[in-house]
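Quick notes on the structure that follows.
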Amino acid sequence: MDGDEGGQSGSQSGGHGAGDERGAIASGDTPASAPSSPSSSPAGAREPLPRRASTLSRQSLALYTALIVYGSWYPFSGWRSLGLSPFAYLGDPWPRYWTVFDIVTNVLGYMPFGALVVLAAWPRWRGWLAVLLAAIAGTLLSGIMEAVQTWLPTRVASNLDLASNALGALLGALVAAPATGALLERGFLRRLRFRWFERDAAVLMVLAGLWPFATMYPTPRLFGLGEWARALWQRLDGSMQDAVLAWTPAAWHLRSLPDMLAARLPDSGWEAIVTTLNLFGAAAFATLPMRSRAPRARLVIALIAVTLVVKVGATFLQSQSGLIFDWATPGALAGLVWGTLLAFLALRLPHAVRAAAATLALAVALVFVNVLPVNPYFDVVLADWRQGRYLHFNGLARWLAWTWPWAALAWTAFSLERAWLVRRAAKRARHDR
């Protein structure tokens, strides 16, 4: 299920040519390499291929663990000691007030963790040993999260949360254990993964998979992610902002730039542009690890559909008014249409051009997102979210919305630089001959 296993799947998927610059950016257009011949015994029977750990599973486990830590300890402020042992909650009576929704949420939140532990532990730990390891790891992680919450004023350590989280990790492990071979060894899902996606695209696939969840948090304009720069700027006081602006050329008119930009189009027009750029950029970005034989159009449609379902589901859970489609403004709908059409057209572009187009679209969208004034009606939408009830959920969703475009741009910049270095090295090698 990751690049380290590429040698096991040579007969099922294409490989990178030597020195191919497109391989440096997880190209889907590289020609297939010759199938590798498995070693055979004297009797002619094939020997089993060596089993290797899945780098993608371990990267995903590390990322999901970080998300659990962030969601459990958010907002990381107001720490204080009540003179209690951090593990005193283990001996407390069962909580008197609880809801089925809270228990189900805790169980579902740790199910992916348990599944990822099983996948990450393979092949050293398999079967019931992997399930046991996942259950213990989930219990220990949840126990530590609850213990540290003893010092957070906005959180309450709960033995019920610990029990439901441990149950979630166990259930996730039980679901994943029977499918581990199909995912990581020689099963259909593994063959499909290498048939559709490049071997060295684990990080890119994780980033693309996070995009639907990054869109959950309300933004002034649909898919207007990456407001991290605006948030940092607003944290500066007036004197610091003036000092920064004093270093910029007066001809740039940075003080009046937001209002000048907003006056050129109505807000619905800007929302259509921001939505189009972000949707196109994310969809084109998600196609970068796909091979030419992959059903790219159907995968793009699936990505957009999952994104909209996640957006509707998050709005349903968080909105007090129940207006789950309040984000579907005329500008947003126009941006959905144009962004989808451009994403389909981009499928015909060469891989390097598609990567450059995705980078440019995300970069321009970041400028608009952080420079354009915020619609005053957005405060009403933001206030409609249950800020207190799902505080950890809101913090995690906001963090993803802030950082996803920056992470995607960092990846594309690094990959394009690698491709350029590979191309330059190839030219030097030809010149030396």
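Every residue, even glycine, has its Cβ placed from backbone N, Cα and C.
Summarising the annotation, TrEMBL assigns compositional bias 'Gly residues' to 1-17.
Residues or ranges marked as compositional bias 'Low complexity' by TrEMBL: 31-43.
The feature domain 'VanZ-like' is assigned by TrEMBL to 63-176.
Taken from TrEMBL, the feature region 'Disordered' covers 1-52.
What TrEMBL lists as transmembrane segment is 61-77 (among others).
Look at TrEMBL and you will find 97-120 (among others) tagged as transmembrane segment.
For 127-145 (among others), the entry in TrEMBL reads transmembrane segment. Sequence-distant contacts of the transmembrane segment (127-145) (same chain, at least 6 residues past either end, Cβ-Cβ under 8 Å): 65, 68-69, 72-73, 87, 90, 110, 113-115, 117-118, 121, 161-162, 165-166, 168-170, 172-174, 176-177, 180.
TrEMBL lists 165-184 (among others) with the feature transmembrane segment. Under 8 Å from some Cβ of the transmembrane segment (165-184) lie the Cβ atoms of residues 1, 5, 54, 57, 106-119, 122-123, 126-128, 130-131, 134-135, 137-139, 141-142, 145, 190, all in the same chain and six or more residues away from its ends.
Per TrEMBL, the feature transmembrane segment maps to 196-214 (among others).
Residues or ranges marked as transmembrane segment in TrEMBL: 269-288 (among others). Remote same-chain residues near the transmembrane segment (269-288) are listed as 25-28, 201, 204, 207-208, 211, 221-225, 262, 296, 299-300, 303-304, 329, 331-332, 334-336, 338-340, 342-343, 346-347, 351, 354-355, 357-359, 361-362, 364-365, 368-369, 372, 405, 408, 412 (criterion: CB distance under 8 Å, separation of at least six residues from the stretch ends).
Here the transmembrane segment (300-318) has Cβ contacts under 8 Å with residues 208, 211-213, 215-218, 279, 282-283, 286-287, 324-327, 336, 340, 343-344, 347, 384-386, 390, 393-394, 397 of the same chain, all six or more residues outside its ends. The annotation transmembrane segment is assigned in TrEMBL to 300-318 (among others).
Residues or ranges marked as transmembrane segment in TrEMBL: 324-345 (among others). Beyond its flanks by at least six residues, the transmembrane segment (324-345) meets 218, 221-223, 267-280, 283-284, 287, 297, 300, 304, 311-312, 315-316, 381, 384 of its own chain at Cβ-Cβ distances under 8 Å.
Per TrEMBL, the feature transmembrane segment maps to 352-372 (among others).
What TrEMBL records for 399-421 (among others) is transmembrane segment. Sequence-distant contacts of the transmembrane segment (399-421), counting only residues of its own chain at least 6 positions beyond either end whose CB sits under 8 Å from a CB of the stretch, comprise 21-22, 24-26, 70, 203-204, 207, 210-211, 213-217, 219, 225-228, 231, 278, 281-282, 285, 288, 352, 355-356, 358-359, 362-363, 365-366.
Same-chain residues lying 6 or more positions outside the transmembrane segment (352-372) and placing a CB less than 8 Å from one of its CB atoms are 21-22, 25, 27, 219-221, 224-227, 229-230, 233, 257-258, 261-262, 270, 273-274, 277-278, 280-282, 284-285, 287-288, 346, 405-406, 408-409, 412-413, 415-416, 419.
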